[in-house]
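Here's a structure for you.
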Amino acid sequence: MAESLTVLRRLSYAVGHFLNDLCASMWFTYLLVYYHSVLGFQNSYAGVLLLIGQVADGVCTPLIGYESDRTSGCCNYGKRKTWHLIGTVSVVISFPFIFNQCMGCSEYTPQWASLIYFIPFIIIFQFGWAATQISHLSLIPELVKAESAKVELTAYRYAFTVIANITVYAVAWLLFHFQSNEDPSITDNLGPVDIPIFRNLSLIVWAIGMLFSLLFHLGTRETKAGGSEDEDEVDGGDEGERKPLLTRLAPNSPSVALRWQHWLKEPSFYQVAVLYMCTRLIVNLSQTYISMYLINTLLLPKKYIATIPLVMYVSGFFSSFIMKPFNKLIGKSLVYFVGLVLIMIFSYWVLLDTHMGDGVYGAAVLLGTGSATILVMSLSMTADLIADQTQSGAFVYGAMSFTDKVANGVGVIIIQGLHPCHTQACCPACVWYYHYVMVIVTGGVAVVAALSLCSILIWPIRIRRRLGVIPGLMSDGEDSGSSEPTLVN
């Protein structure tokens with residue numbers, strides 16, 4: 001394990017989630033819009049599809065995390081990269097069918113039949129997405145051990161997440177632009193005429209993602225547990241960065257391997273899980289409903305469902321590069337709080353300004369910057385929680401992701417179920433409904449995230465290792481009945 005990695009190896013690692021990021025961008029931003037406004041599904045049916053996907057992802061994630069920790073990989077390829085490859089193949093064979101028409105269906109096909117057609121593809125896609133995500137995240141504490149290096153690697157990873165989103169929205173804008181130039185009679189409203197737009201968009205990002213997945217597998221070397229990188233892979237790190245993230249009970253204390261059942265007994269595990277869940281709720285639900293808000297509340301042309309998310313992620317991209325110096329200066333918790341403040345300002349702006357006009361671009365900058373900040377910091381806090389417990393790191397990431405996926409799915413089905421319009425087309429009530437949805441999923445959830453952050457500030461992250469639970473913790477001569485927590489610096 002290295003203190004840090006060369007730039008080339010950081011980039012090779014960071015592109016390993018690019019296919020997932022491209023697909024997730026389309027999934028969260030365009031799934032409801034595509035199935036409701038383009039294919040004409042009822043609000044509840046569109047919500048059910050997203051819920052099934054989120055629940056499938058949520059169920060698969062901890063199971064994959066557990067299996068990823070206990071298996072050794074295929075043919076000495078590395079257990080994380082093996083699961084990454086399995087996930088990539090699953091995504092590749094399923095995703096193109098999700099943003100396409102039902103094969104063999106006609107205008108007379110009942111919606112419930114079309115719903116059943118899409119479900120298997122969504123489940124396979126979400127299984128693959130979960131396998132790729134967990135294996136990729138679990139590589140962070142295995143590749144580097146310095147705290148700043150983990151933050152940096154997470155920032156690189158998120159930078160490519162932003163690039164993936166920018167790619168999706170830029171291609172979407174180009175497709176809408178070419179469509180309007182070819183046929184000026186096409187209106188600015190979404191409808192069945194836009195089916196080829198979303199089909200072509202999904203195929204383009206699918207091809208790009210496969211290329212970057214190949215680069216990841218060729219350029220990333222997974223180290224064996226307890227192994228170390230070659231000396232020439234280390235490119236820096238001062239003495240302060242070489243300190244372990246968790247202080248041990250004694251310098252000569254043996255390293256103790258936490259298993260999944262031990263994590264479930266740690267209060268800090270739940271503290272970080274709630275913070276991560278709130279972070280993902282803000283990021284994913286705002287991404288899901290920003291398109292609905294733009295076309296139904298602000299009544300903007302359909303090209304804005306590409307340009308506004310594009311502005312959000314360009315802002316997030318630039319903010320990801322300044323997180324490392326700010327993290328060193330004020331720490332993760334305060335950087336996270338700054339991100340929450342930006343999101344709360346966005347929510348207040350949306351609440352007060354019902355006719356934004358060009359101001360929507362400024363609001364998009366706030367939301368994009370705030371979302372990028374809290375996501376990178378929450379992932380970094382999760383890596384801090386794991387520290388050197390890399391053998392069970394996939395379970396921790398899987399459990400965190402489980403809470404986020406299920407919460408997002410439940411949130412979407414509640415929002416779709418409470419929708420005041422019971423027809424395929426949106427009614428006038430859509431105007432105020434999506435207005436308050438955007439306020440609640442950003443500002444409301446940000447308040448809960450702030451409370452969770454306060455709990456971490458008041459009760460710092462501790463791993464309570466007791467002899468009665470995990471034998472062999474204390475060195476000879478220590479009182480076997482005593483108990484001492486380990487603290488995150």
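Positions of Cβ are set from backbone N, Cα and C atoms, glycine also.
The model shown is predicted, which means the values in this text are computed figures rather than measured ones.
Straight out of TrEMBL:
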- 12-33: transmembrane segment (TRANSMEM)
- 45-66: transmembrane segment (TRANSMEM)
- 82-99: transmembrane segment (TRANSMEM)
- 111-134: transmembrane segment (TRANSMEM)
- 155-176: transmembrane segment (TRANSMEM)
- 196-216: transmembrane segment (TRANSMEM)
- 224-244: region 'Disordered' (REGION)
- 228-238: compositional bias 'Acidic residues' (COMPBIAS)
- 269-292: transmembrane segment (TRANSMEM)
- 304-322: transmembrane segment (TRANSMEM)
- 334-351: transmembrane segment (TRANSMEM)
- 363-387: transmembrane segment (TRANSMEM)
- 394-415: transmembrane segment (TRANSMEM)
- 435-459: transmembrane segment (TRANSMEM)
Quickly jot the same-chain residues contacting the transmembrane segment (111-134) by Cβ under 8 Å, restricted to those at least six beyond its ends, or write none.
16-17, 19-20, 23-24, 39, 41-42, 45, 48-49, 52-54, 56-57, 60-61, 64-65, 68, 83-84, 86-95, 97-98, 102-103, 105, 394, 397-398, 401
Relative to the transmembrane segment (435-459), which of 45-66, 155-176, 196-216, 269-292, 394-415 accounts for the most Cβ pairs at distances under 8 Å?
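Counting Cβ pairs under 8 Å, the winner is 269-292.
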In terms of Cβ proximity under 8 Å, which residues at least six beyond the ends of the transmembrane segment (45-66) contact it?
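For the transmembrane segment (45-66), the far contacts come to 27, 31-32, 35-36, 83, 111-112, 115, 118-119, 122-123, 125-127, 129-131, 133-135, 138, 260, 288, 394-399, 401-406, 408-410, 412-413, 415-417.
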With Cβ-Cβ distances below 8 Å as the criterion, list the same-chain residues six or more beyond the ends of the transmembrane segment (394-415) that contact it, or say none.
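For the transmembrane segment (394-415), the nonlocal Cβ contacts are 32, 47-48, 50-55, 57-59, 61-66, 68-69, 80, 130, 133-135, 137-138, 260, 263, 269, 272-274, 276-277, 279-281, 284-285, 288-289, 382, 385-386, 437, 441.
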How about long-range neighbours of the transmembrane segment (155-176): same chain, 6 or more residues beyond its ends, C-beta under 8 Å?
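Sequence-distant neighbours of the transmembrane segment (155-176): 10-11, 13-15, 17-18, 21-22, 25-26, 29-30, 136, 140, 197, 200-201, 204-205, 208-209, 302-303, 305-307, 309-310, 312-314, 316-317, 320-321, 323-324, 372, 375-376, 379.
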Mind checking which residues of the chain, 6+ beyond the ends of the transmembrane segment (196-216), have their Cβ under 8 Å from one of its Cβ atoms?
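The answer is 12-13, 15-16, 18-20, 22-23, 25-26, 30, 34, 38, 84, 88, 91-92, 95-96, 98-101, 164, 167-168, 171-172, 175-176, 179.
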I'm a bit unsure how to read this: which one of 82-99, 269-292, 304-322, 363-387 has the highest number of Cβ pairs shorter than 8 Å with the transmembrane segment (12-33)?
269-292
Determine which residues of the chain contact the transmembrane segment (304-322) at the Cβ level, with the cut-off under 8 Å and only residues 6 or more beyond its ends counted.
29-30, 33, 155, 158-159, 162-163, 165-166, 169-170, 172-173, 176, 287, 290-291, 294-295, 298, 360-361, 364-369, 371-373, 376
